Every structure is written in C-alpha cells, then in structure tokens.
Amino acid sequence: MRSLVLLGMSSLATANSLWSSKAASWDTTNEAYTLGNGKLGVMPFGEPGAEKLNLNHDELWEGGPFEVNGYRGGNPNSSMTEILSEVRDEIWKKGTGNDSRLHGDTDGYGSFHSLANLTIAIDGIDKVSDYTRSLDLGTGIHTTTYSTGKGKYTTDVYCSYPAQVCIYKLNSTATLSKVTIYFDQLVEESSLWNATCDSDFARLRGVTQEGPPRGMTYDTIARSSIPGRCDSSTGKLAINARNSSSLTIVIGAGTDFDGTKGTAATDYTFKGEDPAEYVEKITSSALSQSESKLRTEHIEDYSGLMSAFTLDLPDTQDSTGTELSTLITNYNANKTDGDPYLEKLLFDYGRHLFISSSRANSLPPNLQGVWSPTKNAAWSGDYHANINLQMNLWGAEATGLGELTVAVFNYMEQNWMPRGAETAELLYGGAGWVTHDEMNIFGHTGSLVVNPCTSPEQGPTTFGCTHWQQLIHQVYENAIQGAEIAGETDSTLLKDIKDQLPRLDKGLHIGTWGQIKEWKLPDSYDYEKEGNEHRHLSHLVGWYPGWSLSSYFNGYNNATIQSAVNTSLISRGVGLYTNAGWEKVWRSACWARLNNTEKAHYELRLTIDQNIGQSGLSLYSGGDTPSGAFQIDANFGYLGAVLSMLVVDMPLDSTHSEDDVRTVVLGPAIPAAWAGGSVKGLRLRGGGSVDFSWDSEGLVDKASATGVSSNVRIVNVEGTVLV
C-alpha cells in the first residue's frame, strides 16, 4: 500500500544546481563538478586563488596505429574461418567449446588520456570567507565565489559548443592583483610535453609517445583578454591586471586524430593534421568576441536542450538549501521515502552530463564520459557494447536530447564499420561488418566472436546464448520496420531477414526453477545457478532496455513471462556483486517494467547510497574492480531507470500495421514519495510529446499530448484512458 504524503507540507523544488562550501581537491571525480562541449571536458578544482581546471579532449588516446606499426584493430592477419568451423563443430558435439584461438590481439589497444591541468593563480588571496562553488544545471555554468579582505571574487567557467572553447571569467569587486596562468601535465613523462607562452597565451603541446612511431599529438591554448609577461623558462604567463576588475581566459584544444581516416583507403591510420592551426584559430576567434556574447550563445544552446524536458518532484526533506556532499552522505537506501529532491537533481545532472559529452562533432561519451584525470583511465575509458555504451543513451530520446545521439552513429559509421568489414571477412567469411564487446577509438573490433557466443562476462562459450538471440530478434524486427523509412533498396537482404525471422530462436526459454534461461543448453549442463548474483542481466536484455520479451512476446501483459522475469531478478540480487551503480539502475528499470514500484525505487535509492560520490558522479564501491573508480554509465542509466518508472512506451512488431493501436502507459512505477510531481516534454515513439502529473499515491491522473498519433492510446497503470 502506498503511504500518503501531504503536498502542502513542501513545495516542488527546481533542483537545478549542485553546490558545495568547500573547494574540490585533486580527487576530482569524487568532488569536482563537470563541464563540457562534447570535444572538451573540464573539472574545476583547487583552493581560492589557486584554481585549476583539469582538461580532457574526447580524441586524446594513447595506443592504436599512432603507437604500434602494423596495428590491426584486433583482427588476425589471415582468414580464421577454418578455425571457426572447428570451434563450432566442437560446440555442436559437446555443447561448449574453447574459442581462444579466435581471440584478437589486444596489443596497442591503448587508453583515454588526460589532456592537462590549467592553473589560474591570483596573488594576495588569503583569509578567505563565504566560499561557495556551484554548477547551475539550467545554464551549464560553474560559479565559484569567495570573499577576502580586498573584496569579493567570482569565477565562472563554461564550455561553449557554438564557440568550441571553454571560457574562464574572473570578476572582482576590487582591481585584480597579478594573475598567473600556466599548464602542466602531471600524469605524463616531462619529455613528452612542452609548456610555452607568449604575451597573451599559455600553451601546452605534447605527444603520447616519442616513437617510432610517433604517438598522437595534442595541443591546448589558454588565451587571455589581458596581455602579460611570458616566462619562457617555465611557460607561465604573468598578467598584470591591476587596472582591471575582470579577466577572460579562452581555452581550446585539439589532436591529430581524424575519425574519417579509419578506412582501408587510408590504411586505418586515423591520422589527421597537426592541431596547432586549428587551436590557434578557435581561441583567437572566441577572444575576439565579447564574453557576454560567448555566454549568451552558450546559454541559448545549452538551455535549449536542457529545457526540452522537465521533471518536478517534491522537496519533502527541505533539501534545497543543503549542499550536495551532505545530501549524498546522509542518504540511506533503507529510508523508503528517499529524498525526491536529490533523486530529481541526479536525473537533471545525468542530462547535463549527456549534453556536455555527446555532440554532433564529438565521439560518443566513453566509460568516463569525457572526464578522466589520469594517463590510463579505468577500463581504458573505452566502449563496452554489451550494456554500457547503450546505457549511456537510455535517457536521450525521451527527454529531448535525440539530436545528440548522432555522435554514436557517426562513431559506428566511421570507426566500427570499416574495420568491422575486415573482421566479418576474416573471422566469419561473411559480408557486412561486425564488432564485438570492447572497442577503442581506432577501429578495434576483434575479441570474442558472436557465434560461438557467450553471455557477457560469465559462463561457457556455447551456442544460442539468450542475450544474442534476443538482440538478433530485435535487430531483425528493426530492419524490417525501418527499411521503408530508410528507403532500403536491397530486396534480397529484406527477403532473407523475413524468411529467417520465423525460424529464429528468439531467446525465450523458461528453466526448471521458473527463470528466463541464460543459455539454451539443457539443464544437465548445470550453468543455470539459482542465486547467481552476477552484475549483468544479459538474459533480460529483451525485457529492458530492449523489448523482444516485453513487447514482441507481449511480456508486459503476459503473467508467465512476468513471473519468469521476476524470478530471474530476485535470483540475480540487488546489484552488490561488484557494487557498481550501473548494475543497480539496470535492475531498477527492469523492476519498473514489471510495475514493481517498491523494488524499482529501492534499486534507485541503493545506487545513490552505494555509488554516487560527493561530485554526483557514479563510483565503484568494491568487488573485483578498482575501488572508487569513476564510470559514467550509471549516471546515464539512472535516467533510463527513472524514465522506466514514468512510462512504458514500446514498439509493436512487424506483424502489426500502421493502423493498429499502440498503448503507452504513464506512471507504471511512480513511488508515493514523489507525490504531486509532474513531467513536461516526454517524447514518445513515433513523434509527439506528453505532459502529465500524478496524485499523492503516484497515480497519473492528468495528461495532455502534443503531436501524438491518433493510433496511440495513453493510459495510466490502472488502465484508465488519459488521452
């Protein structure tokens, strides 16, 4: 039974800023707040008067063809189809087999790499009071304020997509003292980088490897609105700002990576032009404009995206005036009401992270988004296809950020497809292209093969793995339905898909203890262990985030499938296997699709309790992974979990016509703790959006739709038609 929350006891909070009364330390991913424009990522930290910006560039990687001659992206030198046939024969005979002979070479795989730190040192700052730093999620601007005996200081930092630079603006109520700016690269050998300066800028150029072959070149400039004196021996620019109360610094960066040069025609080099001219141009261009113009254009761009969707939840704990680190520290998963203000704040932060790390001209966000302070990021800061990469996109389309997903499709076209065509030919003797679980930015595709298959990160190498069968089912349906929209002219391909679909094993088998089976193998092989709390829910990918089980099999309305999913989730535990945030938000979304409000909300609360750091970023808490390592997919997956509590919106399969009615359910798992909340701008499949609100029990009672097809039936969880 839902508990009653009196809305009159609290007001709806805007929940639009993260703030702290303490400066962030060098432990940036646990304490600092993030900014970005897709290409550049920034984490401001450091004490007043010695503020630093930790900088990243989305393309800066070590490894790959820049550092390894003859780099092959994990592919073999010659065809492996005979070995593949032998492995398959072994599996058909024994049920399982050894596919190690097919594994790709990981030499030169590399890692996402920190760009630099920029220090802005202000002379004479001591006896600081009234310190506050905040990130406004409505504007994407990070503001630090503090007072000294000389006056009040304010610094604003933001990363502009229109200008392709980040801006640091310093203001003081008194005239400024000397300000010194300089770069350093503390995670790399000093022989690999060089800090220089001129009268109006500080600069750092570096390379990831001296060679041969010479590694990737990177370049970053911080250009000042007030000229100064360059110390060429240190690369420090000393700015005498005593006649001014403000200073603007524009930061730009680039590399010689070129995503369009990863084809056979370019020998998969990914080698582009030296970034020097580009970096000089964008920083000069930005500084030629007024800071107010740069700010206005940034806010228009950022806020236009952020304001496309609004989630309002009640501030039942009076949390609005409490800093983020305290809210996180005091949060308890076992407190059933949670803290709706914080839960909404983290939802908004997830959208901010996506806006800041996924743009039309950038790579998609990797496992660290675009923020890593180290030389070797955890898990290389790469892309994991089994769940993590797709989790990054769970909240994009429904919350009005669909245009930003172009980054991942560009990455697939430029990075996966060219080398993946070689993988398909060498490993499978087939046409088309293929990629496997772990990818870098250099077209690495060759690790584990699809068939033979495995269930991600556990179990045997076998055939007919549930994870893959459910995905293939969904891919086939998508191809059939998308062909007309895309203007597909390959009639042979479509005929093959349509002929194969009825014969396809679709990954729905219920086991002896009532679970969705993870492998097609008979139970006598004893791989289906009840109580296996592995982090992945691979056999439920067709329940969420997919819909082969939940929609194509009508599982959302089928008691037998619902029971099997429920049994599987209970067996899998609450997500403490490695105590990662992403395993919990996935469970939350699955429970929400079962209309199980209690468990969906608990998993959300457990994520905050166990995995959200003082910065609002998701950190590992233990297990067999690096303790405290930052991994961004839980921040993005959090969006998907909350959206699953707010809506069930799934496509029909290809047997249905355009005239068939599709049902959308609003509020399948809204907790009573969110009483009186509302949503504006939730985008639905097929176009259009819906606004809705709910009562003190979490039951949606009001809704209005804009641009939604008449064939879409919108109901609440009790089946009441709303629109």
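Counting begins at 1 with the first residue displayed.
Every residue, even glycine, has its Cβ placed from backbone N, Cα and C.
According to Swiss-Prot, the feature signal peptide maps to 1-15.
Annotation source Swiss-Prot lists N-linked glycosylation site at Asn77 (among others). Asn77 (N-linked glycosylation site): 9 other CB atoms within 10 A of its CB, across all protein chains. DSSP classifies Asn77 (N-linked glycosylation site) as coil under the three-state reduction.
Residues or ranges marked as N-linked glycosylation site by Swiss-Prot: Asn98 (among others). Mapped onto three states, the DSSP output places Asn98 (N-linked glycosylation site) in coil.
The N-linked glycosylation site annotation in Swiss-Prot covers Asn117 (among others). Cβ environment of Asn117 (N-linked glycosylation site): Lys52, Leu53, Asn54, Leu55, Phe183, Asp184, Gln185, Leu186 lie under 8 Å away, each six or more residues apart in the same chain.
The Cβ of Asn171 (N-linked glycosylation site) has 17 neighbouring Cβ atoms from other residues within 10 Å, across all protein chains displayed. In the three-state DSSP assignment, the secondary structure recorded for Asn171 (N-linked glycosylation site) is strand. Among the features that Swiss-Prot reports, N-linked glycosylation site is placed at Asn171 (among others).
According to DSSP, Asn194 (N-linked glycosylation site) is assigned to a strand segment. For Asn194 (N-linked glycosylation site), other Cβ atoms within 10 Å of its Cβ number 14. Feature annotation from Swiss-Prot assigns N-linked glycosylation site to Asn194 (among others); the stated evidence is sequence analysis.
Sequence-distant contacts of Asn243 (N-linked glycosylation site), defined by Cβ-Cβ distance under 8 angstroms and a gap of at least six in the same chain, are Thr175. The N-linked glycosylation site annotation in Swiss-Prot covers Asn243 (among others).
Asn334 (N-linked glycosylation site): 9 other CB atoms within 10 A of its CB, across all protein chains. Feature annotation from Swiss-Prot assigns N-linked glycosylation site to Asn334 (among others).
Residues or ranges marked as N-linked glycosylation site in Swiss-Prot (evidence: sequence analysis): Asn558 (among others). Listed in sequence order, there are no same-chain residues at least 6 apart in sequence whose CB falls under 8 Å from the CB of Asn558 (N-linked glycosylation site). DSSP classifies Asn558 (N-linked glycosylation site) as coil under the three-state reduction.
What Swiss-Prot lists as N-linked glycosylation site is Asn566 (among others), and the listing cites sequence analysis. Sequence-distant neighbours of Asn566 (N-linked glycosylation site): residues of the same chain at least 6 apart with a C-beta under 8 Å from its C-beta are Leu594, Asn596.
For the recorded site, Asn595 (N-linked glycosylation site), the DSSP three-state label reads coil. Counting only residues at least six positions away in the same chain, the Cβ atoms of Pro668, Ala669, Val717 sit under 8 Å from the Cβ of Asn595 (N-linked glycosylation site). The annotation N-linked glycosylation site is assigned in Swiss-Prot to Asn595 (among others) on the grounds of sequence analysis.
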Taking the Cβ of Asn98 (N-linked glycosylation site) as reference, which residues of that chain separated by at least 6 in sequence fall under 8 Å from it? Val87, Glu90, Thr461
By the DSSP assignment reduced to helix, strand and coil, which category contains Asn566 (N-linked glycosylation site)? helix
Spatially closest candidate among Asn171, Asn194, Asn334, the listed glycosylation sites, to Asn77 (N-linked glycosylation site) (Cα to Cα): Asn194
Collapsed DSSP category at Asn117 (N-linked glycosylation site): strand
